Amino acid sequence: MLLLVIVSVFLSVGHSDPAVDSSYVAAVYEHHVVLNPDPGVPLSRSEALQHLKKNLDIYEEQAARAAQQGAQILVFPEDGLQGFNFTRSSISSYLETIPDPQQESWNPCTEPGRYNTTEVLQRLSCMARRYNLYLVANMADLQPCPLQSAPSSSCPADGRWQFNTDVAFSSDGLLVARYHKYNLFYERAFDKPPQPEIITFDTPFAGKFGLIICFDILFHDPTVALVEKGVRQLIFPTAWMSKLPLLDSIQFQRAFSLGANVSLLAANIRYDPLNMSGSGIYTPFSATYHHAKTGEPEEGRLLVARVPVLDPLWAGQGVATESSSSSATDSGYCHQDSCIDPPPPPVPPSYVTFTSSMMYDPFKFILLNNTEDKLQVCDGAFCCRLQYKFLPQDGSKELYALGAFAGTHVVNGRYALQVCAVVRCADLEAGSCGQEVKEAESKMEFVLEGTFGTRYVYPSVLASGVVLEQPQTLEKTADGRVTMKHWNMTGGLVTACLYGRMYHLDMIY
């Protein structure tokens, strides 16, 4: 399914439409990767190259297709060339030493003899050159000790660095950027760089792009650091395992684009056993995306869309924006003596709150028991408010709940959150609220609101069948109140969420 979602209304402050003629054509490829069946067993270099060639041949086909559709930049996913589940030793034959484009200029296609063991770099470079497009791919990098960019850092025990790496090539094949992933997700084969890298490259058609990889998107460095430097276009190769109800791939891709007010070119792997699917081309004004449905053939998907060039002056001015009366130098969280909500009003006796696990976090919930109502639920001093009205419908009865969570998520990563979410429960029992649900029939009009201790809040509305909906309005005030209003739903509501990231607390807990 390929959908184009046009934003009807974005924010009440801080937005202007892009210039009509200022645009470019972007492409992302969701890749059904050809895997090594025994990734834990070391291969010879020639055997690794035979495997890599199978995926590179597919990349070549997709580059040709993208070029035929006018693409000026093409993004491939994380782990798309070698796959995953390698050990530090078994990935060794896949590694290539990638020179730093900030230190030297090299075109692997026209100067193949400068470095040995760079067959993948040469193939990607020639691909970009042959089809006259900027190309971003993900591969495995080997760097000797000491690390040139951090000579005083401690070397790994085996005396070399291995990095999960993005490479970017210009349309003539020049290597223009190299980024080493900072936030690893159970990646035994790779090292975490000694410090986060803030890597960008310039293009003649759209200005500056920033590079991030997969798990990076949930953290301040390098992702938010790029946005705060004025980068409006982020490239996001990923191997994302979707997790409903709050972190499905396209759900958070869209949420980040809206919340940070940036364009995001997201290329994911398609691998059903790990629930990997969901890629897209997102702007604050539109979303072109694909998410595989249950039972669909497991195959790749190329997405191509025209993208507006966003004004760098508006970087970070999405839901993560203070109102016009606040300081433009705000660091992203509250500086007052007290950054919490006032004590919440007492919950009427008929509205019982309860705790249920959602995304492995203990959310406080309250049920939506009436056709229409106003509700509030609090997790400590953090409160979420909902005004809603269910639309008349035929069919089975469904249970919904409003949830709030304020604390540190500690499963499969550690990061601080404040979250408000309306979710469809898995069945008619309160204990099922927060479980994974993909389908829903109930439609509602709603206003979801919370007062956050951070300006980094990422909004999403997910409808039945994992379909994105665009909130009608999103507003933020100087005191941290974020309000999302939505009506005219095209499908039943699965999740409506305001996902607040308390980056400043990540290192505290």
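Glycine too: its Cβ is placed from the backbone N, Cα and C atoms.
Among the features that TrEMBL reports, signal peptide is placed at 1-16.
TrEMBL lists 37-309 with the feature domain 'CN hydrolase'.
Taken from TrEMBL, the feature active site, proton acceptor covers Glu78. Applying an 8 A CB threshold to same-chain residues 6+ apart, the list for Glu78 (active site, proton acceptor) reads Asn138, Asn164, Ile213, Cys214, Pro237, Thr238, Ala239, Ala267, Ile269.
Residues annotated as active site, proton donor in TrEMBL: Lys181. Around Lys181 (active site, proton donor), taking its Cβ as the centre, 28 other Cβ atoms fall within 10 Å, counting all chains.
With a 10 A radius on its CB, Cys214 (active site, nucleophile) counts 25 other CB atoms from all the protein chains. Taken from TrEMBL, the feature active site, nucleophile applies to Cys214.
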